[in-house]
Amino acid sequence: MRAIKQGLGRLMAALLMSTLSLPVLADGTVGWPEKADLKFGFIKLTDMAPLAIAYEKGYFEDEGLFVTLEAQANWKVLLDRVIDGELDGAHMLAGQPLGATIGYGTKAHIITAFSMDLNGNGITVSNDVWQAMKAHVPMKDGKPVHPIKADALKPVVEQYRKDGKPFKMGMVFPVSTHNYELRYWLAAGGLNPGYYAPDKGDTSGQRQADVLLSVTPPPQMPATLEAGTIYGYCVGEPWNQQAVFKGIGVPVVTDYGIWKNNPEKVFGVSKTWADQYPNTHIHVVKALIRAAKWLDENNNANRPEAVKILSRPNYVGADYDVIANSMTGTFEYEKGDTRPVPDFNVFFRYHATYPFYSDAIWYLTQMRRWGQISEHKPDSWYMDVAKSVYRPDIYEKAARALIAEGKMSAGDFPDFDNEDGFKPPQTGFIDDITYDGHQPNAYLAKFPIGLK
Amino acid sequence: MATLTAPQWMAPYQALIKGQINRSQMQAILRQVLWPVMGIAVFLLMWQLAASHIDTSLGKFPGPAAVWEQMGNLVDEHQQARQREAAFHERQEKYIAMRLAQDPDWVPVHRDYTGAPTFFDQIGTSLITVMSGFLLASVIAIPLGIVIGLSSTVHAAMNPLIQLFKPVSPLAWLPLVTMVVSALYTSSDPMVAKSFLNSMFTVTLCCLWPTLLNTAVGVTSVSQDLLNVSRVLRLSALAHVRKIVLPSALPMMFTGLRLSLGIAWMVLIAAEMLAQNPGLGKFVWDEFQNGSSQSLSRIMVAVVVIGLIGFLLDRLMLMLQRALVWDKTSAQR
Amino acid sequence: MKTLLELSNVGMAFDTPKGTFEALREVNLKIAPGEFVSLIGHSGCGKSTVLNIVAGLLQATDGGVILDRHEVNEPGPERAVVFQNHSLLPWLTAFENVELAVKQVFRKSKSKQEMRDWVAHNLELVHMAHAMHKKPEEISGGMKQRVGIARALAMQPQVLLMDEPFGALDALTRAHLQDSLMDIHRQLGTTVIMITHDVDEAVLLSDRIVMMTNGPAATIGEILPVELPRPRDRLALADHPTYNRCRQRVLQFLYEKQRKVAPLPRRDTTPVRRQA
């Protein structure tokens, strides 16, 4: 009898506790953050802008959060520090939460409820390679026709290989957007970027490769290219424009040209952290959504101010002009060949901040395509992984709270009541292959180069 | 001659002012002032000349003028950061008042400024870290050195280990320290940051050895006569160590401590750079990564400041040595 | 004759890499209270070994030393030593050097003030009151040795052991210190064993001169009583027949009977057994 009473008491207490800690209160506002002192990591890239803006514009403080932002040495250190709790969250490559959760590299359940930006990367080759490529690039009015395809690179790579020089390029991390974009671009041009075989202990990703890809941290890309260790690289800004400014390389294609409005970075936290601090997580996402909106507001009107903030040494730290080149809607290819690319950096438009399941599944298909996922998986597996990592539910709570507070309007967001997390089948890839997130295996089957 | 008392070194200058300067005093002034100033001037000139001929991808290598300008910028940035800090505290007070109004049970927390550390903040962090690591190393090395010096058995047992670990580079220790600290230091609300502990322990591991070895040598080489005095007086073991061994070994110990502090400072910069721990090393690495047109000048500022601090730390130890050690000849330069 | 200190059949053998070296054999000596005895002999004859055995710094491998009915096994302040090169702690002042010894010996029996007075008193005894707060590096060699003597005397030893205390000093300073030592010996009646190789010093200061044969297996060759009245005055003694006869005897012993021919023994030697 006593035991039952005690049990009931415990149940009541538990129920009471759970109501108290319900993140979203009845009026649509969010409870106080459980943890107010937060440290977020970032890599020195322009797409960390939402974090810098949320800090500088006081959006974090509006949410009762006291955030410290800290630059990290490389993507691995950043991920490790999120996993071991030194960082509360971080600017991450979209592939990082997915890779960590399925156990490619360090295994840990990482989730994301906020997508940080679309596009923003480019592929740069050294001046020598560009000179050799140029002959094969279609021209119009004396200027190269963009987007340039890897078909133009293929004869150059063959020449290098004939001369006994393996053609080496850099990307920033095995599960980085850049790795997949560079591979996509090379493969679309008939160049095999090489396969991974983790089940055979081979994580170099250079099996059967025409082009050898290796990891270099973003800020070191220009120096590595200059040193001749690599002949080209795929990286985020400002490190492509930096090559143009330094006169050591020429960007040949942006990721906007490879896949229009491709999802890029995400804001990742560990699952443990998110479970422990649900309110805090929502508050963070609220601040980031406002920052992203500010970045795109009034047709990029705030971008010059954003560039000024980013060029401070504690954020990206590159010169104003270098960052401004891409952030303000233009992109300089060959020196002097500056073209408008208004959507080079998208932070908010096109629902850029919403964590679409279809985006997660695209990354998973590329992991399978290049062998990081070592065996065939059913479509349902892709869906399950996407749902355990991408958390539009948390995003929705944040968005609804912002709407309730009058800081944003419903029109800023997807129609949550009818949103299933899948973008309609997407075109706009450089090889004109259509992607439908509902059918990952059918999508994989369409590639001439790549595992199925 | 060992103690440079004020009147003694000032004498030539007083003579110069009075116009009664003799040849030897003139030479003293030349040696103390003119030649060093000339040396620095020639160095600055060569630097300026060489710099204008080195083209890096970040522009020309910075000359003294560019570095001086960045020094000014860093001071400005520091002052701006302090203003932002004041504003931050003001906003925080407002937030606390607002939240208390809505949530009366809440216990307010007053936080430190969350902005990025400035160059001068990083200097402070580095100094605190180096001193902590150095003190910890001393606390370990001095007693251990005494035991090793007193007992030939312990010496024989420890010697291979000391010889093995002494030459290990900080870069090799760092990953191990990082992993061990992560494994053992798992407080959810840590008193001090893990990164601080990582740097500190790496510094400790690397700067332990000179103090340890010099203390041991100092203890071993206590003169036989003094040991006999101790025996005739029947000093207890503790009194023997306190009255005879420690004072005898003090000059050697200080030589070791000075070497250790020098190593500690060098190691710290490398450790901060590699482990991305806050401090001057991190400042240098961040600037290198920024790759802006000012980065090289700012790194040069850091280089000069690192050198200056290393020099001042050594002088500090020397002053301490002069004040504390009976054997003035051991603290000449 | 009453005996304060007795060496009976003292022998000392050192283990060396070349084999056992016998330094001393069958040294027998009885010393009366208040007596001033000099040990004289050529370098390496084992004088210092004898002194160190009495001091307890070395353990005889044969025989033993009895002081006032107790066997000597270890060093102690009742057998205070004045070392050849003063052995003051360089980081302490003259006063503090003596104080260290006084505190060690009289910690229980004297008050703090009494100990301070006793330190000062002993420094005055050796005429060092004026420089008692100077450090060893600030005073001359003779003064250092005076402080060394003050330190030893301050322990109120039963026997004062002096190992060539004035060997490193110039002739004039040495004479001053010898006079001081004679004064002190007369005032305090301390029993003294002093090593010297200065014949005049031995005759001037001693009641008996113990002459040692050359090693290996050194032993006492001859004991010469010096029957000169005290107080002694070095100028008056210069023409004294007893003084000259004593001097003559010692010189004969050293330069006729014990002409130095044997090579010096190795210095880095260790006793065969430490515990007798």
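Backbone N, Cα and C define each Cβ position, glycine as well.
The transmembrane segment annotation in TrEMBL covers B:33-54, B:127-150, B:171-188, B:200-223, B:244-275, B:295-313. The annotation domain 'ABC transmembrane type-1' is assigned in TrEMBL to B:123-317.
For the transmembrane segment (B:33-54), the residues of the chain that approach it from at least six positions outside its boundaries are 60-65, judged by C-beta separation under 8 angstroms. Ranked by Cβ pairs under 8 Å to the transmembrane segment (B:171-188), the stretches B:127-150, B:244-275, B:295-313 are led by B:244-275. Long-range neighbours of the transmembrane segment (B:200-223) within the same chain, counting only residues 6 or more positions beyond its ends whose Cβ lies under 8 Å from a Cβ of the stretch, are 129-130, 132-134, 136-138, 140-142, 144-146, 148-150, 155, 162, 165-166, 168-170, 173-174, 177, 181, 244-245, 248-253, 255-257, 259-261, 263-264, 267-268, 271, 275.
Outside the transmembrane segment (B:295-313) by six or more residues, the chain places 56, 58-59, 61-62, 66-67, 69-71, 73-74, 119, 123, 126-127, 130, 261-262, 265-266, 269, 280, 283-284, 287-288 with a CB less than 8 A from a CB of the stretch.
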